[in-house]
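Novice: Pasting in a structure now, in structure tokens, and then I'll have a few things to ask.
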Amino acid sequence: MDRLGVVVLWLDRGMCRALDLFTVTVAGILLVLLNYAVFSRFVLNSSVSWGEELPAHILAMLTFIGAAYLTRTNEHLGFDSFARSLNLGMQRIIACINQLLMAAFGATLFWFGGLAATSFMGRSLISVDLPLVLFRGAVPLGGALIVLICLVRFVGLVMGRINPGELLPEGDG
Amino acid sequence: MFLEPGYMILTLLIGLLLMGVPIAFVLGITAAVMIFLDPAVVPMIIGLIPFGGANNYLLVAALLFMIAGEVMNQGKIAEKLIAFASSLVGHIRGGLAHVNILTSLFFSEISGTATSDAAAIGSVMIPQMKKRGYSAAFAAAVTSTSATMAIIVPPSLNLILYAYVANASIAELFAAGILPGFLVCALLLMTAYVIAVYKGFPTEGAFSFARVLDTGKDAALPLTLPILILFGILGGIFTATEAGAVAALWSLVMATVIYRTLSWKSFIDTLRIAGKRSAMLMFIVATSTLLGWYLTNQRIPQDIANAILGISENYWVVLLAINVFFLLAGTIVHGTPAILMLVPIFLPLADQLGIDRVHFGLIITLNLGIGQQTPPVASVVLITCSIAKISIGKIIPPLLLFIGAMLVALILVNIFPAIALWLPSIILG
Amino acid sequence: QAQVLQINSSLPDGSFAHAFLTEFKERVEAELPEMDVQIFMGNTLGSEEDVLQGLGFGTHHASLSASAVVQINPRAAVFDLPYLFENRAKVQEFAASPAFDLLAEGFEGRGIVLSALWDNGFRVITNNVRPIVTPADLEGLKIRTPTSRQRVAMFNTLGANATPLSFGEVYSGLDQGVIDGQENPAQVAESARLYEVQDYMSLSNHVYLPTFMLFGEPWLNAQTEDVRDTVLRIAADTAPWTFNWGDETDARVLEELTSKIAINEIDFEAFQAAALPLYDDPLFTDAIGAEMIAVTRDVLGLE
Ligand code: NA
Ligand code: NA
């Protein structure tokens, strides 16, 4: 395998591990935060001010970073029966188009989400001093990762290293 | 007027879906194309609205109930519920079928998605049923249809999503789901009994009160979860999100400290599964919010409502049309995208007809629950078929009988809104 | 091509904001027959935060907003200063003064133009423990506030236990005793039927919050000068109509509520004295700015 391929594989593995760690951590943080909010209200008898705003923002962060992770692991929900019924050549062409379309959508998230995120620069959440950019930034970051993942796959498809059947979404029959 | 963008959206949605583009991307790409083509809309909206859709406190509840359901699943709590259900209904003819259905009812009060129920209960019950002489197809069909109760009985992912889309009270929707859930349960039990008598399925020993007490002790602890969830939310003590958090924590304590059935590694797996599923769901929420924004901006839902009301203004005719539409939609689209995409389009129609939003939510949920049971898109059926090791064609005959029972429940809920609305009216005033 | 003006509001159909915007729509369409004014209630075009940001981007045209404006223009927090306005006439004095210009200036650089202040209302306290007459009566009560740092600080300073909660949770929270009370304009207590779960309404009038009629610069710039001026003028002209509407509604609502909830007056001086430290609290002064506070006090004739 050529050197570029090795680098791409190495980066891919690192990215997957980071995304996995992120997903597990964020799910854990939400579990802890919400339970602390309940504990604080009923046991400490004082409501936390960030009880709604912070968890909602963390969930939004999980949404876009997690979307990139699921793009990589091919776990987005979809409808694959029709595409699977086509012949292999057709499947490869459609898979290539799909990756480009997904990359294009990732690019719009990256570009417009990035502009939006920067426009929130310097502002923080109402209830706790955390910059809004930290959360809004998940949109361009997730979008950029989706672009990278889909482009790598597009190249893999064109070069025949990836089988189109592997890229169809998690579907039912 | 609306037909032009309306047809274009429909073509894009169907075309991209058939090509195998993931649903979240189908919705996002369609919205983006329409936004770029419309000179009156500034494309910057793509940077704002998807985040706004995902930034939602109510939907944190979905993640937390997924953690609770997954802990119960990985922590092998289903066995204790099965033993208890067995002591209660095992002596009836076709005992294991009834045990299966009753356990699903217990489990549905903890979990919010039908797929996790089918996996948890099916993996224990289907092999047992096969051993006791039930056909694999019958075992799979019972498991699959009774798992639907998960999305009707609270907590329910579908009802949480509906509350988000329809801006309805989650407490009212949860209260409204209880009786229809019990109704489905009763009808499934009756169907199973008739089939069992006809086929001569066995019973599981005589009824013994001592056994009820004995297994009840074991099941009591997991059954504190639904009590916690229901009283917490309906009593106004917890928000749905807080109830999800407490339920997730309590199920963790049970599985790790009390039963010691959940390893550290399974706990991490639980977080991973729930985190991923939540991201999958939320990305659909995010992109459907963008498409929904475009539809609202173009006032397309109102146009569709007016077009349909132009054909008929009769309450029952339109209600029948809505039911048929969602039943068909449920066969080809998953519950999540169906609610996020279709409910906003049909809400103005329901409002104009004077259908209560909570009642409408239960009608939609029942339709989509039945739709989940039929190919081509039938995740629950596929899970049970793979556990039972049969092809999807084999399950169809017994499945149809149970689907018939669910259709009866659907018709009753349509005709008698009180089945849904009576409990919320007495609990929540 | 038909001109379209889309206006966003976070409040539901049938709310006071809906009434104001309908009046505005009628006035605009009477003068500018080509203009199609479309009202979107209930945040159907996006969250308040997104809409305000979108005004500057041109994705949204106009918005009738309330407390969220503070996030864009901290000077708007001047309305969070307790006991600033005695009555609605004073609010209109403020709107015609240099203080309004200073407030409007705070939107510069955000792509947002403040056209007018419309009514919203004086806020009163309801609870089910005791009538609030002096600040001491608030001691230990869990009072729900919006997620606003200033409002939380205010109620904690007055002796209550401020509990930020989203409005959707208020009714059941009061019903179940998770919170003891809440603060809102009287008409909100009526329309949300809070009197069913509350025993006392104390006319504290601790804060007057207006609504802000905001236009996006990109939308304004895309209009002819004539249209632009007409729309902005009508927005300003509609303001007195909304204040009258507010005064009349307050009177009607209080009359309707007398049979449903015990209403009492408060000891204004005691409350004003208790709230005085807030005028030097950095949480307020840093956000609002010394100049904004000084000019406001000046135009209102306060010491
Ligand atoms: Na459930
Ligand atoms: Na289906």
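A Cβ is built for glycine as well, from the same backbone N, Cα and C atoms used for every other residue.
Automated prediction, rather than curation, is the source of TrEMBL annotations.
Below are the features I grabbed from TrEMBL:
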- B:7-37: transmembrane segment (TRANSMEM)
- B:11-419: domain 'TRAP C4-dicarboxylate transport system permease DctM subunit' (DOMAIN)
- B:43-67: transmembrane segment (TRANSMEM)
- B:133-153: transmembrane segment (TRANSMEM)
- B:173-198: transmembrane segment (TRANSMEM)
- B:219-238: transmembrane segment (TRANSMEM)
- B:244-262: transmembrane segment (TRANSMEM)
- B:274-295: transmembrane segment (TRANSMEM)
- B:315-347: transmembrane segment (TRANSMEM)
- B:399-423: transmembrane segment (TRANSMEM)
Novice: Contact between the transmembrane segment (B:7-37) and the transmembrane segment (B:274-295) is defined here as three or more C-beta pairs under 8 Å separated by at least 6 residues; is that satisfied?
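Specialist: Yes, these stretches are in contact.
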Novice: Counting Cβ pairs under 8 Å that sit 6 or more residues apart, are there three or more between the transmembrane segment (B:315-347) and the transmembrane segment (B:7-37)?
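Specialist: Counting Cβ pairs under 8 Å, at least 3, so yes.
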Novice: Please work out which recorded stretch in B:7-37, B:43-67, B:399-423 has the most C-beta pairs separated by under 8 angstroms from the transmembrane segment (B:173-198)?
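Specialist: By the under-8 Å Cβ criterion, the transmembrane segment (B:173-198) pairs most with B:399-423.
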Novice: Can you work out which residues elsewhere in the same chain, 6+ from the ends of the transmembrane segment (B:244-262), have a Cβ less than 8 Å from its Cβ atoms?
Specialist: 60-65, 67-68, 71-72, 74-77, 110, 155, 221-222, 224-225, 228-229, 232, 238, 270
Novice: Taking a Cβ cut-off under 8 Å, which residues six or more beyond the ends of the transmembrane segment (B:399-423) line up next to it in the same chain?
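Specialist: Contacts with the transmembrane segment (B:399-423): 137, 141-142, 144-146, 148, 175-180, 183-184, 187-188, 190-192, 195, 319, 323, 356, 358-359, 362-363, 366-367, 369-370, 373-374, 381.
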